[in-house]
Every structure is written in structure tokens, then in C-alpha cells.
Amino acid sequence: MCNSKIQSGHAMASAAVAEIDGRPVLQPASNTSNRIATPEAGRPLKKTFHKSISLPTSFTKHAARSDVVDPGAATLPKLSPPVSPKLKPAAKAAPKRSNDPNGLNTSTDKPSAKSRPAMMTRSKSSVGASQVVPSLDSSLLSCDRAPGSIAAAQREHAVLMQAQRKMRIAHYGRTPAKLEGKVVPVDSSVLSDASGLEEKRCSFITPNSDPVNIAYHDQEWGVPVHDDKMLFELLVLAGAQVGLDWTTILKKRGEFRAAFAEFDAELVSKYTEKQMASISAAYGLDLGRVRGVVDNAKRILEVSRELGSLDKYLWGFVNRKPLSTNYTSCRKIPVKTSKSESISKDMVRRGFRFVGPTVVHSFMQAAGLTNDHLLSCPRHLHCRSLSATN
């Protein structure tokens, strides 16, 4: 007990007492042993980096200065260069190949990346040497194929296209008036070679088309019409086509003729309300459509009294000559034109019903006021020759 008191007394004697904030604090005898080094003013405290990371350039430049030494700063350990994780050990040498004539590798070790191109080159050369891909026989390319083959069909098609090209050149720059009496027929000897080919109609006529629609295309569509009854019929059919397809309308053509007295405008104009209701019920027609047909019949009679006939009224818009077009694709045929719009405006002004620009353009195509057959269709030149003779 006494010894501990003596030792504590010696410690008190060797330690110095200092006052901090008015309180006595025991300090060790050495003034520097418990002193905390403070960084110099204006110089940031350096931190020790234990990870192998790249340091910024400013830090590297500052550390490179050997003339400035901070005695209180912690010493930085020497940084080892970073080791990339992508580095792989050196590739093993390619194993030696055996003397196999087929060039196959019998070693169990896999070839390295450097040896792969050599293997690919050798495999390609071996394929070329073995002649796996047979070469084409030159005699097959030079011989003529039998009639009926693809080559024969191509020759026949070329002959037909040449004949049509000569026809277009013969009529190039001519108007329907100049073509009167000067239509050059196609040489039958030229077309006889292409007799095996089917006539190329307009593209909307396909082998799966209804026979009624095909017959209408080959006989009526685009042919100039000048009869008032027929013009009245085509005007009614074009108006009834809205919302339906043309084949359905053609199949109901007989019903339309029976319902409207063979399209006699004078008889239809006298239909009463009771007759119109019975026609609508008997033939399944919309009552508003039936009334529109009766109103159009009355307007036709008014036009006939004013201008002489419906034929003179309608054909007067095209100067008594059909409009000749040169369409090569059905996609280029418009649903309405500026001419159909002008005719529609005048007919609406006179009191006609169901005569919009689209309906009028369909009527013009059916009545032959415009020839919208494609140039590749045989009916194009036929309708053009009929317009020249009228």
C-alpha cells in the first residue's frame, strides 16, 4: 500500500499540471509525447490509400515534390502498379499434330487461339481438294430447253411485249380524232407464237374472279354508251355500288331492271309513294335509294327537254370523245378526278341524287366516258378503236 502511494507520488512529480478552461489537467512530463500534429494552413490532409487504385494527376505531382516535407503528415506507402484482372497466363504452345493424312488432331489438348486459323485454312483447303461442291456442267447452260419450259414461256412473253411495244409506238402522240381509220391491228403471225399465254387483263381480274365480272370486263366495261336507257341504268348501278362490290350489283342487275321498268325514265318518274314502298319491300332495296332513282328519272326528263337527251348532256363534258388514259397499274387509277368532280357539281346543281365524285367517276368508267383499262390489257386498244369510230 505504501509502495503504491510512493509510485503515484513520483508520477505526480514527474507529470506537469496544466490548466485548460480553468480546470487543472495532469499532463505528462514530455510536452511532445501527447501532442497531436496539425496540418499546415492551406494544405489538405493526406489520406492513406490501401487499395491499388490510380491516383489523380494533381496528387501525383504533389507527391513528386521532394523539397517540401511535412514532418507531421503521415507517410504514404509505396503504391504498387495496378494489376489488371483481364490478364491471363501465357497461352500454351500449340500441340503437335500427328501425321494423320486427313489433317485431324488426335491430341487430347484443345488447340490455342493462334492455331485455329491454321486449322480453318487447312479444312477449307481439304474441302476444296475433295471437291465436295460439284461444278455446273457447261453443257446444261448452253443447251436449248424443251417447249413448255420456263425459258420457252419467257421467249413467248418477250414476243408479246415486243408486239405491244410496237403498237404503243405506232399510236404515240395521237389523239382519238387522229386515230380514226388509222388503227393498226396487231400482226396475227406475231401473236401466234404467244398463243400459249393467257390474255393479260386488268390486274383486278384474276383467275379467281367471278365469271359475271370477267364477262362484264371483256364486253361492257369501258365501251362508249350513248343510249339514254343504258346511261340511266349505269348511273343507278354506280350509285347502288356504294357499300357493296361490283360483282354483287351485276348479279342483281336483272332485279334492278324489273324494279325500274327497264330504266325507262318516263315511266319511273311517275312512280307513286305506294309503288316505291312495294318495290323496296319486294326487291330488298332501301326506300331512300328507290326515291333517289325516281327523282333522278325526273331530272333526266328535264335535261332531255333542255338539251335534247341525257347522252348529249353527259358526253358534252368530255367534248364527245372519251378520255384516254395510260395507266400501267391499277394502283394508279384514282377513285375520282377533276372531271368527275365538275360533272358531280353540275348534276347536284340540277337536282340529281347519289351523284358524288366517286360515283360519277365509276359511272364514267362503265359508260366509256373514260378508258381506264390498263395498257397491258387487250381491251384498252379495243375501246380506243371504238371511240375513234364513233
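Cβ coordinates are placed from backbone N, Cα and C, and glycine is handled just like the others.
In TrEMBL, annotation is done automatically, which means it is predicted and not curated.
In TrEMBL this protein carries:
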type	residues	note
BINDING	Cys202, His217, His373, Cys377	Zn(2+) binding site
COMPBIAS	100-110	compositional bias 'Polar residues'
COMPBIAS	122-131	compositional bias 'Polar residues'
REGION	24-49	region 'Disordered'
REGION	71-131	region 'Disordered'
Legend entry - For the binding-site residues His217, His373, the one whose C-beta sees the most other C-beta atoms within 10 angstroms: His373
Inset, instruction - Determine which residues of this chain, when Cys202, His217, His373, Cys377 are set aside, have a Cβ within 8 Å of the centroid of the Zn(2+) site's Cβ atoms, and list them as they appear in the sequence. - result: Arg201, Phe204, Ile205, Trp221, Gly222, Leu374, Pro378, Arg379, His380
Inset, instruction - Please report the number of other Cβ atoms within 10 Å of the Cβ of Cys202 (Zn(2+) binding site). - result: 21
Inset, instruction - Name, in the order they occur in the sequence, the residues of the same chain whose CB lies under 8 A from the CB of Cys377 (Zn(2+) binding site) and which sit 6 or more residues away. - result: Lys200, Arg201, Cys202
